[in-house]
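Record features (TrEMBL):
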REGION    B:1-25  region 'Disordered'
COMPBIAS  B:7-25  compositional bias 'Polar residues'
BINDING   B:82, B:84, B:97, B:116  Mg(2+) binding site
SITE      B:99  site 'Transition state stabilizer'
């Protein structure tokens, strides 16, 4: 079997059952889908317990029909105050945020919010392992960026005004995450290298 | 100041700004409100980073009005597959579930779901600290129960058919969590005793 990783894809990101069943890399899967599948694989194989947090919803109105489930009839998406993923691996607390960009040359810092940065700084401060997963979807490349590597770029925007990180910098300072058929974004491989 | 802890309350649980500003214990606050306030205090004082996970909502229909926020017009509450709270404290992964009962004599096991038990067993297995916080609201008493103490009762129901844990057993096997004005459910005090 061949998995033509690293080949440029066509830029479209609709999930494609055909491609998947034919084993053609993860082209067409969103980063979130890939990470959710990876986390499920980690749980199923008893390797780690890591979940995506539910999207926070502010519920305004709920209708309670007789003899059936409550229906939310008015609700709003709230901005998350933390990162999207956390859990435990080899007794360490794991916490990360994942973003993909269609940009070919840089990762725009606007993808991350200030309160998420504050959260990540606190996690590190309390001994957790904290990082970002950034995918350049046009290259189908996914990088592991330690939070402590990311912070200077985030903080720098308020001094030098640079609102993005160049693709080359992420290639140099980040770690390219391997793709495996089941651990599609095998970020624990990076953690094994960096922390154990 | 006196905090008449341990006194029976009247069984009502509406939040009461009057009681709170007068410093009358936490009568009238729900367990969830107390834990959220405690976690905020822990974060504000840089003691730990622990959050309640958002309630999972299955979004079925979203309306996108022009020039205003997306509105969820049909959604349903989903059953959580994990516990409600997690985070990091003194480099340890923390994971717990919190339940209050109005029952005076026993804690009904139906308050906890099988997949939550499986989740808690996995957390322990991977080196996390895992427990339950159980409040008997009529006595205004809140207990810390290590997950490993809880499991035999949960598993036992499928052998001996006992669907609840007697109040006396929780008094004996659990740890009564102290109430403080800011750390209203000061469960980290228990963790300090048990793990450090």
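Keep in mind that glycine also has a Cβ here, set from the backbone N, Cα and C atoms.
TrEMBL annotations: computationally assigned, not manually curated.
The shown structure was predicted, so the numbers you read here are calculated from the model rather than taken from an experiment.
Secondary structure at residue B:116 (Mg(2+) binding site), taken from DSSP and collapsed to helix, strand or coil, is helix. For the Mg(2+) site, the Cβ centre of B:82, B:84, B:97, B:116 serves as reference, and the other residues of the chain with Cβ at most 8 Å from it are B:80, B:83, B:85, B:95, B:96, B:119, B:120.
Distance from the CA of residue B:84 (Mg(2+) binding site) to the CA of residue B:99 (site 'Transition state stabilizer') is 10 Å. According to DSSP, residue B:97 (Mg(2+) binding site) sits within a strand segment. Listed recorded positions (B:84, B:99, B:116) with a CB under 8 Å from any chain A CB: none. Highest Cβ count within 10 Å among the recorded positions B:82, B:84, B:97, B:99, B:116: B:97.
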